[in-house]
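Chemist: The structure's right below; bear with me while I get my questions together.
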């Protein structure tokens, strides 16, 4: 017997299945099930830590491979090598085989070694290159220093020799200076090197203080920045050369400069030798750059080869890791060498699961079949709805409010229509609806492309709800037609029911007033003649207010009906008689009556009766404050109005105690009857027996996790019957708790009937605001532009039109649309779902490679 | 024109449409979605149309022209 088809109306029928898998093919089976993505595996080893589990080794190994792949990725990013996109592979979702994984693991190990050694040598070479460049700069700059320094040797020497030499002496001696006197003869040493430019000031200060000014320092800036090979940062550096007297001082200078991060280079003071040095440095630099180029090319080639397969490998490893993580949830039967798994799966998919398992078995050539058992359980099955592109966003709206109870009515199904429709009531404008629809159609048309590209947060949200926008657009166009608004202008579809008075008809003077075409009503929507009249607000106000009350009444009655359907499905008649019926009577006798009077008042030709129509608002107030009397006893809405209202009020009042007491007392009666017959809750009996046993034992039995120690259970036979004794469904019967719950429910329901009806008035407020805003926008921009003529007028027209259009899209469509959407969301979450939604379900989270890759996409 | 009957005529059209949708909805796993969406849309649209029509069946006020040129303005 096939179970009924799964639809969106109720969550899918689930069954708890037990799998007995031969140890050898455990990995293959799980990976095949991961491709199917319909099983939600339960963790059978929840008391063991992650390190104690069976397949921790494998997961560690895969973690390592994953790290290597990430390393490749970062290297590729550093070298600007593109990775082949995951979408370019023919079928990136094939199930990996064990040998494939091993090969990938080995390959990535080899490649990692290769790439890291290449990288290392590249970095060393680069470092060498930097050193040589710096040295070359030092040599080049030092030449200039030496020339300048030589000219001053005399001064230096004199200042060193005798401190009391007259200041003018050097002028006299100038001519006879030995130009070629070398510095070493004078026992003057020097230190040359390179230092980062920002440290130069500190460097000078420290040197000056420690050497008390006994030095001669020269420096110059290197015009081009030096690139640090480690972190690829550019650093501006200075070349310096310091002359000083005495070995100790020179050593001190060396120490200071090294501690400040300067690099020292040897420079010969002889200009000949210096020239040789420069030449040598240049040749070495040339050699180095060619080697560097080769290394870089080799590295790039290697990375390009990796980049061709990297995405596929990443997917492969991710899948494999997830497979082992799932395998860790299984318990292992040592005696039979089988893995035992428990999983929730949709009953309808069991056939598919079985055939998949058979396939895996056949492929492995194993004689022991994989056994699939269905277990009966009292646990709540998870809630699962199969969604498609269209329904997904609507389901998400409902799920955001709460997880639907297993097999409960799914509010997302009616929300497909009611959500965009209530939006459209607030957003009614044909033109704006067209813009929404076009935007949605564009998003749907370029769906594939947009799905693959990275979108920013706001746009991705709109894109996610593209089908909602699509429905919103359609309904907004419809309500726009009904409101007779297109960009705030009228749509004269049919002949108007109003004719302006021009004084020619008998009985009416010329003037701004109008009269009705006899016996004719505008057939579709609001009459367009109301546009641009003095009293259009007066009319549309009353119309839209009543419209929103009526729509709210329809929506709430509709939602309340679902609670009846739920109660019938779950076979809880007490919910029908104790909640639904009194609630419905209460609601209808007040607000159903109000809705009726609204329609009734519309249907009566009050002018023909020669009567003033009574005010409905006052009628409702009088109905409560002075039951039995009318505001205007001479002019009732209909005959016997007062009596009907008293009866309705009494009906509503009678419903309150029924709502309050019926359900709790019925439940108590049921409970007492069951106890009188000798039935007791499982939890109760065990509490009694726990008095005899020791405390520890009693607690384990009593708690909800009686099933916890499953994994340790050595006896395989006991596992089949494990599911008895799961106490979580057996709640203690506590009358006071149920009573309090029901009191809260009653108060809430009665008050909510009032407040929720009032809440639907937001439909009126927002639709009026939307219409007014678009009129104001039109009048402030386009109307002014129409006033201009000639070339100037044409130019102004174009500019103003663009401004108007931008404002329409930004303010009226995006901003107003968002606000209307949020209000519609609230109407569904609060006003509608509170009438029937039970919630407290558990989400179905199947083990699925597809959703895994969607959550953590491989870029 | 039997205007008062228009909502009832609309109701018949609606019922016919719903019946057609119920049987013509594409078979398969999305049949429920097709049916519910189309039927509910039709009902919602009908309700709003009917309300709008009823509101204008016996209007209590008639439009008064705005933005008349001063020479046509008559004292009221």
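Glycine too: its Cβ is placed from the backbone N, Cα and C atoms.
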Chemist: Of the ranges A:467-488, A:489-510, A:511-532, A:599-620, which one does TrEMBL flag as transmembrane segment?
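Modeler: From TrEMBL, the annotated transmembrane segment range turns out to be A:467-488.
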Chemist: Please give the sequence-distant neighbours of the transmembrane segment (A:576-596): residues at least 6 beyond its ends with Cβ less than 8 Å from one of its Cβ atoms.
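Modeler: Residues packing against the transmembrane segment (A:576-596) from afar: 549-550, 553, 556-557, 560, 563-564, 567-568, 616, 620, 645, 648-649, 651-652, 655-656, 658-659, 662-663, 666, 745, 749-750, 753, 757.
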Chemist: Residues of the same chain, at least six outside the transmembrane segment (A:642-662), with any C-beta under 8 angstroms of its C-beta?
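Modeler: Same-chain contacts beyond the flanks: 574, 577-579, 581-583, 585-586, 589-590, 593, 623-624, 627-630, 633, 636, 742-743, 745-746, 749-750.
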Chemist: To what whole number does the mean pLDDT across the coiled coil (A:101-128) round?
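Modeler: Mean pLDDT for the coiled coil (A:101-128): 87.
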